[in-house]
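Q: Starting off with a structure, shown below.
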Amino acid sequence: MEKKVTIYTDGACSGNPGPGGWGAMLMYGKTVREISGGAPATTNNRMELSAAIEALQALKEPCTVDLYSDSSYLVNAINEGWLKRWTANRWKTAAKKTVENIDLWQKILELTDRHRVRFHKVKGHSDNPYNNRCDELARLAVRKKP
């Protein structure tokens, strides 16, 4: 039986593009693990995707995951079928433009093959303590010097 894991993620950027950070909380039973990281020159969307990627990569075995993010970009790409259409259209949008962040989307596809992941949208900067903590982790990571 696969482990059931709950993950919250968030990304932040100081300027867009600019220095960025991501944060994630992984919860399994009573165990909570916090992870974070950043990049010196990036975008907010890359940090949102990186948070999900790093959290899913931290799982040592295939799991059933509920992943919560305040990123419409991430959640809608999965839940609204954008990602499937992009891959079917050789990484072109409906407007025939090249999809941004292909490298990260490919990693997400790889990880969602390994894990059974349900993506959920949460309201950012609201009363969700897990999302708020991930936001704090991401903002702290922005300020860290590599």
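Numbers here mean position along the shown chain, with the first residue as 1.
Note that Cβ sites are derived from N, Cα and C of the backbone, with glycine treated the same way.
Pasting the relevant annotations from Swiss-Prot:
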BINDING   Asp10, Glu48, Asp70  Mg(2+) 1 binding site
BINDING   Asp10, Asp135  Mg(2+) 2 binding site
DOMAIN    1-143  domain 'RNase H type-1'
Q: I need the most crowded of these binding-site residues: Asp10, Glu48, Asp70, Asp135. Count other C-beta atoms within 10 angstroms of each C-beta and give me the top one.
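A: By the 10 Å Cβ neighbour count, Asp10 comes out on top.
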Q: If I take every residue in the domain 'RNase H type-1' (1-143) and average their pLDDT values, what number comes out?
A: 96
Q: Determine which residues of the same chain, besides Asp10, Glu48, Asp70, have their CB within 8 A of the center of the CB atoms at the recorded Mg(2+) 1 site, and list them by sequence.
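A: Close Cβ neighbours, site residues excluded: Thr9, Gly11, Ala12, Met47, Ala51, Ser69, Ser71, Leu74, Gly124, Asn131, Cys134, Asp135, Ala138.
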Q: Could you give me the DSSP helix, strand and coil counts for the domain 'RNase H type-1' (1-143)?
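A: Helix, strand and coil residues of the domain 'RNase H type-1' (1-143) number 57 helix, 49 strand, 37 coil.
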Q: To the nearest whole angstrom, what is the C-alpha distance linking Glu48 (Mg(2+) 1 binding site) and Asp135 (Mg(2+) 2 binding site)?
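A: The Cα atom of Glu48 (Mg(2+) 1 binding site) is 10 Å away from the Cα atom of Asp135 (Mg(2+) 2 binding site).
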Q: Between Asp135 (Mg(2+) 2 binding site) and Asp10 (Mg(2+) 1 binding site), how far is it from one CA atom to the other, in Å?
A: 5
